[in-house]
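Each remark here refers to the structure printed beneath this line.
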DNA sequence: CTAGGGTTAG
């Protein structure tokens, strides 16, 4: 553009034919140059253009423009609320609504669907119920768009009772209402209900569409019910005719066959379609992750390599595929490659990366990824799954201070049972039993329901901190207060707790009075306690049980021989070692990892191949001398060298 | 005056 001055009228005309954000920015620049950037007749179309363009930077731009307007009208408010409702920060939509009411501008039937969408994105029941009240107060409770949005909100929150209530009490219903509920049931984990509800829908002759079939196939996927899936496949064909070009429906179909384990069928359906672009990527991603879940990670990788286009979802599927196979280094490496290609990982990808870091103990990578993608100022910092993966990563990498630091700064409404499970188990492993119990109480105050995992973490915390009475009380309360029946792991924790505290007889009685037969893990917990307290008789009982249960597990022989060595029964120790030789068992070598300057250092017992092996040995020697000088007695004399 | 609700895969 030259220095030609453009009038308000011509700029407005230009805007109507404007196609890209770049063009709109140029027009905006012109309004500034011309000093007419406060003209509401220009600002309104500019703001709505940016607001509707689905890009974070454009949204930011429209927010700036919006803030310059003294009295925005309802249309502008609706445009901004809509734009924020599908942004990374949907809570802005609610602030906008508040300031809208404050400036005495009142909502219409277009306002509520976006507000409700924002509540759904925020997963906030509290705010959602408030907005529901406003819907009623303003008399929009029979607007079909508002009602369907309301139903969707309750579905997303997993509150199917209220979703059904809205449906039942609604004077108007359409196919979208039915589809919302059918899909809601699936997403909330009630796939059977979704199929049943579809039956009711057919009973009153409501004709399904593509959306309906996608939801039904998703139900069959989650149930891994291929028989019903095939019926849905046929019905879709009967109702819709050829749908090979419907990308979403084809994906749902491919995914259904893949999840049910019919991988050849999935691939055949995929090939039979004429889908392209994003849909092909999605369909191959479904197949890829099915192979990964099946444990065929190499096949998954081959598909990944052969895919022409790949998006973040495909990369994440492959990253999780590696993690699933225990190949965490490959998983992390792939994430870094994704970054190097300049792709923007989303929250699910970052969660996958953090979990690989957690498994590797890769603190430096974990911290880098945290700061880059999930820092406080980052909009994704609002994602609950992401938050708990970060906390979990720090806790598992031994940086409990960082984990606590982040945890303490999380708003209550973002806290979940998962998050508490992560931090409580982190505290448990760091021997901070009291803090674990404190956080458990805090969790109750917030109204979060503890689950089985919470209690494993808590009992483990008590065990590691010698809190015998607290542990017993918590164990008792599981069934009586929380309605969770203790499983084998919980009994194991209790045996460990009692054993560590030296209550060996009590631990043994506990095992004998358990409602099910103790497994080897539990006997091993007892055996390990016997080792600490030198109870040979009980150790023999425990060993006998373990030997009877696990003929091919190397670990117990080592444990038993260690124990016998410790209590000076070298003859028996020798016989155990002989048993190992006879069966030909080798304990899988124990690895340990540490990440230094971004590189992973692996160590194996007795391994001297590290380039810095000499310096490391000197340092270790130095540390152990330091420990001895403050009175620490090494337990390493108990360990037999099996090599 | 303008605009709107429900879909897959990690």
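Residue numbering: from 1, along the chain as shown.
Each residue, glycine too, has its Cβ placed from N, Cα and C.
Automated prediction, rather than curation, is the source of TrEMBL annotations.
Going by TrEMBL, these are the annotated features:
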REPEAT    A:73-107  repeat 'PPR'
REPEAT    A:174-208  repeat 'PPR'
REPEAT    A:280-310  repeat 'PPR'
REPEAT    A:311-345  repeat 'PPR'
REPEAT    A:416-450  repeat 'PPR'
REPEAT    A:451-486  repeat 'PPR'
If you average the pLDDT over the repeat 'PPR' (A:280-310), what number do you get?
96
Could you put numbers on the helix, strand and coil content of the repeat 'PPR' (A:174-208), residue by residue per DSSP?
26 helix, 0 strand, 9 coil
So, by DSSP, how many helix, strand and coil residues make up the repeat 'PPR' (A:311-345)?
26 helix, 0 strand, 9 coil
Quickly jot the same-chain residues contacting the repeat 'PPR' (A:73-107) by Cβ under 8 Å, restricted to those at least six beyond its ends, or write none.
44, 47-48, 50-52, 54, 56, 59, 62-63, 66, 114-115, 117-119, 121-122, 127, 131, 134, 138, 140, 379-380, 382
Residues from the same chain, set at least six apart from the ends of the repeat 'PPR' (A:174-208), whose C-beta lies under 8 A from its own
144, 147-148, 151-152, 154-156, 158, 160, 163-164, 167, 214-216, 218-220, 222-223, 228, 235, 239
